[in-house]
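Here TrEMBL flags ASP20 as active site, 4-aspartylphosphate intermediate. Summarising the annotation, TrEMBL assigns active site, proton donor to ASP22. Sequence annotations record features per position, and here TrEMBL assigns domain 'FCP1 homology' to 10-168. What TrEMBL lists as site 'Transition state stabilizer' is THR76, LYS114.
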Amino acid sequence: KPLLPPPSEIDSKRICVVIDLDETLVHSSFSPVQNADFIIPVDIEGTIHQVYVLKRPYVDEFLERMGDLFECILFTASLGKYADPVTDLLDKRGTFRTRLFRESCVFYRGSYVKDLSRLGRDMNRVVILDNSPASYMFHPKHAVPILSWFDDLSDRKLLDLIPFFEELSRAEDAYKFLVQADLHGDQFVMNYRALAADSEKNVTIVTSPITPAVTSSMLTTQLT
């Protein structure tokens, strides 16, 4: 059975863009953050933990434009009890048609992988935006990588990606569009891919029961 319901009449004519949550649109921490945009209470084995959530700069503008252009799907390796309330607060406009959580991922070689072939959409018209290459290891040529975001308030990556996605929205074949962008030396996309690879090397990762991966500095309380 496909992970997604049939698209609406409008969305059936649009490219399907799968969008990650943590370190792509927001950054969450178990440590108190003074300027948190949201504070989400999450129950872990009977204990309520406060999760402090920061919104990536320009996320509101990005989601608004993406909702105008694509069938947008939230797909996160985080647990729904955390990601669902975060998305309720983040996506006031209703950009995401469907939300998929950890249980929709495939656990493969220690990673939660988002298998795009299970969505029930034409694979030539499916794209994923994600900061973690492990998430799209089954379909790397369908990916638009983005640098992991933690707390840099001068970050412009989402804003800078809008013109790229506007051009992509006009493509008949999204897969071919992304492949040609690489082959023809489109520096915009290639630079993002190089930066994303460097980012993955430089971040120390530990596992969390709520989110798929968090930096070790985030965990002041050991949650097991």
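In case you wondered, yes, glycine gets a Cβ from its N, Cα and C as well.
Feature map: TrEMBL annotations on the structure.
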| residue | record | Cβ neighbours (10 Å) |
| --- | --- | --- |
| ASP20 | active site, 4-aspartylphosphate intermediate | 23 |
| ASP22 | active site, proton donor | 26 |
| THR76 | site 'Transition state stabilizer' | 30 |
| LYS114 | site 'Transition state stabilizer' | 28 |
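In this structure, ASP22 (active site, proton donor) is part of a beta strand by DSSP. The two recorded residues, LYS114 (site 'Transition state stabilizer') and THR76 (site 'Transition state stabilizer'), have Cα atoms 8 Å apart. Annotated pair the residue listed as 'active site, proton donor' and THR76 (site 'Transition state stabilizer'), C-alpha to C-alpha distance, rounded: 7 Å. Taking the Cα atom of each, THR76 (site 'Transition state stabilizer') and ASP20 (active site, 4-aspartylphosphate intermediate) are about 5 angstrom apart.
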